[in-house]
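**Q** My questions all concern the structure below.
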Amino acid sequence: MDISALLTSAGINIAICVVLVSLYSILRKQPANYCVYFGRMLSCGRVKRHDPIWYERFVPSPSWLVKAWETTEDEMLAAAGLDAVVFIRMVICSIRIFSVVAVVCIAFVLPVNYYGQKMVHKEVHLESLGIFTIENLHQRSRWLWVHCLSLYIISSSACALLYFEYKSIAKKRLAYISGSASMPSHFTVLMRAVPQSPEQSYSETVNKYFTNYYGPSYLSHLMVYRDGIIQRLLSDAERMCQAIKHVSPDLSCNPSTKSCTFCGPAPTNSFQILSNEPDSVRKLELGELTLSTTEEERPVAFVFFKTRYDALVVSEVLQTPNPMLWVADLAPEPHDVYWKNLKVPYRQLWMRRIATLVGAVAFMFVFLFPVAFIQGLTQLQTLSKNFPFLRDLLKERFMEQVITGYLPSVILVLFFYAVPPLMMYFSTLEGCISRSKRKKSACIKVLYFTIWNVFFVNILSGSVIRQLSVFSSVRDLPAQLAKALPAQAGFFMTYCFTSGWAGLACEIMQPVGLIWNLIAKVIIKNKDDSYATLRFPYHTEIPRLLLFGLLGFTNSVIAPLILPFLLIYFFLAYLIYKNQIINVYITKYESGGQYWPVFHNTTIFSLILSQIIALGFFGLKLSTVASGFTIPLIFLTLLFSEYCRQRFTPLFQKYPAEVLIAMDRADEVTGKMEELHNNLKAAYSQIPLCSQESSKAGEGCSPPCSEQELPDSEQLKPEKDDLEADYEIWGFRRNKSIHELEVKSCPSGSPSRYSPGFAEMYKRTT
């Protein structure tokens, strides 16, 4: 690939970004689109929309950038939780690291690569990308010490920044634990694989066991029940009510003539009022249902203890000589519980993990075919040879640049849209007991899949297509990666344009939500402003961020021309993701910052991989001095990684007993312990009472939500203090699992029409 093809791809993606961001700046001001671009703020139910002056709504403005830039970390922590802050810290850490890398490599490595051989250079736009890579240096070049020294500077600065960031995030993690004194999960242990007894029920078995062995600390327990007919009927009734609500905004069920855009006006009334049911059914309240009479017990229980320390001890010890019985884990938060997987027998989990591993590996191998096809597009000579009918088309300069520079990365990005939903499905099959663990597991799977297919498979398949030798042993791996990587530098740059720049523009534009909102208002003619409150897609965005970090490290001394483009991506990501977290995504559950070890470990892996590839290249260039100095650097980086693993990682895996004991003593002194004990059963009830739900209606909204305002003319003003948006059913969003979306109704309907407990029950049992 030459510079002109690279510039063509960059120009196309820059034009896409400018158009989409300008459209976003206009569309976000339209009152009909508030539910798409301000879902988190509207979900609080305490705001109303103020229409701006008409001409201001059609003029792009950068005010949202200023708002995102001025948002502080404390505001984000209060609004979106620790996971959102950790993600933004990942972006900031990447900016800091690659700012140092870009300065060093652009100032020193790139000129050495460009003038590595004595030759007559063409104009820059006519040059080949190989001129800017380390491949342009001849063997035994005396300038290779520049690359070795740059590698030391990059590694030392990256390790220093990672250490200080890890230390800072660990402090935030401890503050998160100590600041969550009212969390019921600290007192709760999830007990699975309860043995079955023919003489007594599961509930009696649990009570007898914990009274016998943990009598002084045992408080009570709550069994998990199988879905019953009444619970399914309640779920169906709530979904039917929501469907009727979407067709007719009037919840009074009066006869109406609802028209359709395509079918015309309805000839008869859309709905008719049926005769009233008997009073015994009509007056049945959700709180009157008793699970013991309507459900079947499962061998799973939430066991409550008097102190946090007691629950921690029980979750850490082996209960019986048989590890497959009485399996104890600290319970997730009530909003974080994935109820569907609690019904999976514990003895099946190991088989499910093996099956999902086999399925993920098989899918990785199936994905080799589109990647190999994409690599064929980047090789112009091979493409002309295999497809003779394209020869005339490829003779045109512009078409050649588009096909080789822009089209391959676009095709790869389109294929990758199928990966996150499938990995989320695999993580669900594994049997994760919490939604945050399921998303983290999907994040790791997508990360492995992305690194393998985008980096390794592209390099190896490109090497095969160009008829280069593929390594036959592990010792050949550094040399073969070093030989093949410079040829793929152009593809990685175009992938940064397409998946990075254009991907961020699509993220802020929310095209699927916009289209869905248009369909609801124009075709279905739904006058009710229903909106979907989305969860932040950590399982897609963290792997993308880490992939670009991997590309930056591995290309830093090999092909440093990619570094300015990566820096642009990280700066855009910082502004756009902050805007989305503030306005669009809502936090109902979080992992407490457990994504940071994933970022740290992957960054260390990328750093070590870059050192190994540089070692292979120094060997190809027959530079024994540079090779000799690189080997100790690899071992020093491994030692740093092990130190961080011992020093910080346990804080993200377990709770410190000292902190929990201090919290217990503080609650006993202030007299809050009894109140916490009284709320435990209500928090983990499968069918929450109406009164309980109404008292918790505002939990999904962050405290500062009512104080935030839409930027510019989109001001939010108080409307009804007692109005709450609690109705969570289902939604639609590209590349997100259906379990991650919950449709909320705007405050047009009366909350007294039906119980909010229906929606919560449906979410937990489907």
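Residue numbers in this text run from 1 along the chain shown.
Glycine is treated like the rest: Cβ placed from N, Cα and C.
Per TrEMBL, the feature domain 'CSC1/OSCA1-like N-terminal transmembrane' maps to 5-165. Residues annotated as transmembrane segment in TrEMBL: 6-27, 97-116, 143-164, 354-374, 403-426, 446-465, 557-577, 598-619, 625-644. Taken from TrEMBL, the feature domain 'CSC1/OSCA1-like cytosolic' applies to 186-341. Feature annotation from TrEMBL assigns domain 'CSC1/OSCA1-like 7TM region' to 352-618. Residues annotated as region 'Disordered' in TrEMBL: 698-720, 744-766.
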**Q** Quick check for me: are there 3+ Cβ pairs below 8 Å between the transmembrane segment (446-465) and the transmembrane segment (97-116), leaving out pairs under 6 residues apart?
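**A** Output no: the transmembrane segment (446-465) is apart from the transmembrane segment (97-116).
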**Q** Which residues of the same chain, at least 6 past either end of the transmembrane segment (97-116), have a Cβ under 8 Å from a Cβ in it?
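**A** Answer is 131-134, 136-138, 141, 143, 146-147, 150, 153-154, 157-158, 161-162, 549, 552-553, 556-557, 560-561, 563-564, 566-567, 570, 603.
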**Q** Taking 6-27, 143-164, 354-374, 403-426, 557-577 as candidates, which has the most Cβ pairs under 8 Å with the transmembrane segment (598-619)?
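**A** The stretch I would name here is 143-164.
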**Q** Using a Cβ-Cβ cut-off of under 8 Å, list the residues of the same chain that are 6+ residues beyond the ends of the transmembrane segment (557-577) and lie near it.
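**A** Same-chain contacts beyond the flanks: 10, 65, 68-69, 87-88, 91-92, 94-95, 98-99, 101-102, 105-106, 109-110, 113, 129, 132-134, 147, 150-151, 154, 482, 485-486, 489, 492-493, 496-497, 500-501, 504, 507-508, 541, 545, 548, 551, 610, 613-614, 617.
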